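To start, the structure itself, in structure tokens.
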């Protein structure tokens with residue numbers, strides 16, 4: 001008797017690739033056959049894009065599953081998962097599609113594989129509408145490892161819009177189960193650091209200008225900390241194509257990490273790119289949460305799978321986060337609550353506690 005196929009409406013809430021990533025990862029982990037309809041229904045280019053397709057094919061391959069309807073522009077897919085296996089898995093968006101989003105969909109799955117995995121992810125490493133690989137390595141990694149696993153992220157080649165051509169290799173071993181996390185104590189900001197990069201034909205002065213503008217912007221609000229943003233020229237053999245951008249990270253006394261980042265576009269001056277990243281960081285520091293707005297939704301699936309109660313303190317809960325919670329409840333049957341923080345220091349701020357009773361997923365192969 002095959003399990004009942006779970007029906008997912010890909011057009012609700014965030015209505016984009018994220019629904020696909022969360023639902024296929026959970027389907028793969030829980031062995032639930034899945035049908036997703038109205039994929040990216042409201043987007044300017046509806047249906048599957050190359051990066052969504054390569055993510056789906058990767059999930060199919062890492063569990064020897066069956067996938068129907070998976071082609072560019074398709075708005076409906078059926079997925080039937082089998083056993084998750086370790087080993088080498090490759091995904092190539094053939095575009096500047098984000099390697100970080102490929103990592104988001106595959107990482108929860110291979111944690112519950114039978115043996116260690118190596119994910120070879122190709123596409124954009126520093127691309128629009130997605131985390132930059134530097135964010136993944138410097139913020140996401142140390143925080144998500146609090147769930148009780150380690151991974152190694154090796155940036156072989158950086159790739160930018162529109163060519164892509166980047167490659168990242170992620171290595172990780174499976175776990176028996178995930179520990180719950182508690183990220184509710186923000187602490188005080190102790191350091192601010194970052195990197196401003198140029199690659200390809202762009203002059204090094206652009207990196208220096210982005211860094212200087214960002215430092216000036218942060219200094220207006222945070223005067224007592226040294227802000228260390230390194231301008232970097234990416235080596236020719238480690239970057240494909242042309243690009244520029246900046247990521248700035250704030251670290252607190254309790255080990256919380258917040259970031260602001262921005263990418264250069266043709267015709268946008270360097271100062272503006274630096275200031276945009278600085279303002280994003282400052283906004284993330286104002287709300288009193290212990291995670292920034294980009295980490296929120298990336299932690300939900302791990303909280304849902306963990307064994308026990310996880311709690312994170314956040315600023316305003318994003319639509320991406322609400323969407324991840326909705327599907328983690330629908331598919332994994334985890335229980336979430338989102339409440340305004342009752343701490344006195346948060347009284348004047350828009351601060352929330354997201355709590356989750358995880359399902360205590362255990363690895364059947366270990």
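Just so it is clear, glycine is given a Cβ too, placed from its N, Cα and C backbone atoms.
Per TrEMBL, domain 'RNA 3'-terminal phosphate cyclase' is recorded for 13-338.
Within 10 Å of the C-beta of residue 297 (ATP binding site) we count 23 further C-beta atoms, all protein chains included. What TrEMBL lists as ATP binding site is 104, 294, 295, 296, 297, 298.
Feature annotation from TrEMBL assigns domain 'RNA 3'-terminal phosphate cyclase insert' to 184-285.
Per TrEMBL, active site, tele-AMP-histidine intermediate is recorded for 320. Around residue 320 (active site, tele-AMP-histidine intermediate), taking its Cβ as the centre, 20 other Cβ atoms fall within 10 Å, counting all chains.
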Secondary structure content of the domain 'RNA 3'-terminal phosphate cyclase insert' (184-285), with strand meaning DSSP E or B: 37 helix, 37 strand, 28 coil
Inter-residue Cα distance where the pair is residue 104 (ATP binding site) and residue 320 (active site, tele-AMP-histidine intermediate), in Å: 13
Under 8 Å by Cβ from residue 298 (ATP binding site), same chain, sequence gap 6 or more: 104, 131, 140, 144
Neighbours of 104, 294, 295, 296, 297, 298 excl. site residues, C-beta within 8 Å of centre, ATP: 131, 140, 291, 293, 299, 300, 320, 321
